[in-house]
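Feature annotations, reproduced from TrEMBL:
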- 17-38: transmembrane segment (TRANSMEM)
- 85-104: transmembrane segment (TRANSMEM)
- 110-128: transmembrane segment (TRANSMEM)
- 135-151: transmembrane segment (TRANSMEM)
- 163-180: transmembrane segment (TRANSMEM)
- 211-227: transmembrane segment (TRANSMEM)
- 239-261: transmembrane segment (TRANSMEM)
- 358-375: transmembrane segment (TRANSMEM)
- 395-413: transmembrane segment (TRANSMEM)
- 425-443: transmembrane segment (TRANSMEM)
- 595-616: transmembrane segment (TRANSMEM)
Amino acid sequence: MFTKFKSSIFSPVSPCFFYGLVFLIILFPLFPLLPGFFRIQGFYIDWWNHLWMTNYFGIFYEHNSAFPLVINTNNFGGIGNPSPLFYGYLFYPVFGWLSSVFNADFSLRLPFFVLWLLQFFALYKVFIQQTANRLITLTITALCLWTIYPLTNIYNRSALTEAYATGLLTVTFCCLLLFLREEKWKRKLRYLSFLGLSMTLVIGFHPITGLYGSCFLALVFLIHLITSSKNSTEILKDFLILFVVGLLSLLIIAPWTYMIFEFGENIKISTDANVTLFPESIDYFISRFMPFPLDLRSLVYGFKVEGGTPFLETQTNVPLGILWIWLAYSLTNINRFFSYPVQHEKKFQFKLYRSPAIFLSILLFGLTTWMSLSTTPYEYLPNFFQNIEFAYRMLFYQNLSIIFAVYTLFHVSQKSLFKIEKTKFHKVLPIISTICLSFSFLACLEKNMHGLAIVGFSKPEIHRTLEESIQLNRQNYGAYKYTVNNIPQVKGKNFVNVNFKVDLSQGFGIGVKPIHLNLSETQWIRTNIHAFPWNQIIVNGSPLKRELLKMVPGKTDTGKLKMDTYHLAFQLPSGKYMLHYQFKPEPIYLVAREISLWLLLIWIGVTVLIEGVLFFSKYRIFNLQK
């Protein structure tokens, strides 16, 4: 995927200028991440939640050479937390492994710079092929990487799984466009490999992004089918090879898919899902189309906003939208922009209304905009689409549809705008680019300031020993979102509380100490084990039958927040008992998970190896000269 930057990108004598621009484009939006490399510094609440989980996975891997299936803790987090089976299925193993090599904080920060570099390469390649114009290509790339919402996900929401997933989806989207355009199969297959790998990580990092991202890419492919000039045989080949790679991706995420089909209808986070809209603040129509970051709540209340998450700015990529509108106007007036006839070339006639590709790209933008500003569209979708939770998450797809619309304009125009020098278009282009870049630069600068302002908003709990690391951080509000609700509840009983503890002598997080009980009469026993079917309790050497297990809802105060809890309970007659805890998943899941992680490792390893070799070879997938 990578190639050496060539001095001919700008001129044979100024390669440093290009290097400097690339450095600026990538580093500028990520500047608030830099101080954290030298001191402990995070952003919003979820930053520390992701940091804790990444650290847990890293320490677990160091001690057990494997990744945990469930989270076992010695405080309110309880035993047998099944969240890793559903959320961040691939995210925490990948970043946990990095954490075992470096440290958790470093492992969460550094990959953002790699991700922005990947997005730069992908976007640059797409538009340099379309335009053969360095100025417009670098302008579009900068506008895409400086947009507001991805930075909101990093700094103010600290939704790191979503931030990484949406960045990888941008790479996937670009690779799909390159794959559909490429004719040489050697490059086509390599685009396909990156497309499949990045999309697999998208689903494994943040499933809801995987769901909506898959639908978005399917619509892009459908538009390609409708408007393509390729014959049916070539289109069928593209479809079949995409299908094969999709099967490989599905095999890697098969364990997660199994969990969704097996338990999805009964886990708390799914059954409570609904799409939320904030029409008077962050989802206000005018606010959505402001060129600069604006959260009306924080404008009035500062950090003390109702509902939390100050500076939750959800503006669309207005600077890129301005460029899109100007390019569309330029194409509709293309004959007037050329001051003299084109010799030896057929004169290009462009009519906006005659181009189905452009019409469909505008329609796609309208659809994503509607879905980001209203809950009505979700009423016509299956219930699992409700898991998007916030309508403003569609903003990312709104931005992606603008990129696709710009791409479509260039694709339809067939580089006609750039074929003749010294035209009105070429005179106006630097001015429009400067205006758009100025808006984007100032917006990104303001967003960086809001990112730095959020530092210290949430006080971290720094765990320095194994005993401390086994304590769930007290602001982790999602600890019980993945328990099930189909276990019969029991209330109003006189419970004997039995709290299992992690046995660090057996390895970090893997062993749980047994408990001795001596009951003088029949009692209800309430444990600290999460209400989940694969959490098994063994009484005097025999597993307790599932129908005897009940669920006890409750509340706990962690000292930082109050949350609902859902623990297993059961009834025992008088007598002496030895209680053990065991997590016992279905054998098919364990086999599928082992295959899944090995396939992912092989795919990543082969990709890195091939690209590392080709980096120094004559085969360059991202040849920026083209």
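Cβ coordinates are placed from backbone N, Cα and C, and glycine is handled just like the others.
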| remark: Between the transmembrane segment (425-443) and the stretches 85-104, 135-151, 163-180, 211-227, 395-413, the largest tally of CB pairs under 8 Å belongs to 135-151
| said: Using a Cβ cut-off under 8 Å, which residues of the same chain at least 6 positions beyond either end of the transmembrane segment (395-413) come close to it? | reply: 123, 126-127, 130-131, 140, 144, 147, 149-150, 166, 169-170, 173, 177, 209, 212-213, 216, 220, 288, 314-317, 320-321, 323-324, 327-328, 331, 334, 348, 350, 355, 357-358, 361-362, 364-365, 367-369, 371-372
| remark: In the same chain, residues at least 6 away from the ends of the transmembrane segment (110-128) whose Cβ sits under 8 Å of its Cβ atoms read 1-2, 22, 25-27, 29-30, 33, 95, 98, 102, 134, 136-138, 140-141, 144-145, 154, 163-164, 167-168, 170-171, 174-175, 177-178, 403, 406-407, 410, 621-622, 624, 626
| query | Counting only pairs 6 or more apart in sequence, are there at least 3 Cβ pairs under 8 Å between the transmembrane segment (85-104) and the transmembrane segment (239-261)? | reply | yes
| query | Under 8 Å, at least 3 Cβ pairs, sequence separation 6 or more: does that hold for the transmembrane segment (595-616) versus the transmembrane segment (239-261)? | reply | yes
| note | Long-range CB partners for the transmembrane segment (135-151) (under 8 A, at least six residues beyond its ends), listed in sequence order, are 21, 25-26, 28-29, 116, 119-120, 123-124, 127-128, 163, 166-167, 170, 293, 313-317, 319-320, 323, 395-396, 399, 403, 406, 418, 429-430, 433, 436-437, 440-441, 443-444, 447-448, 451
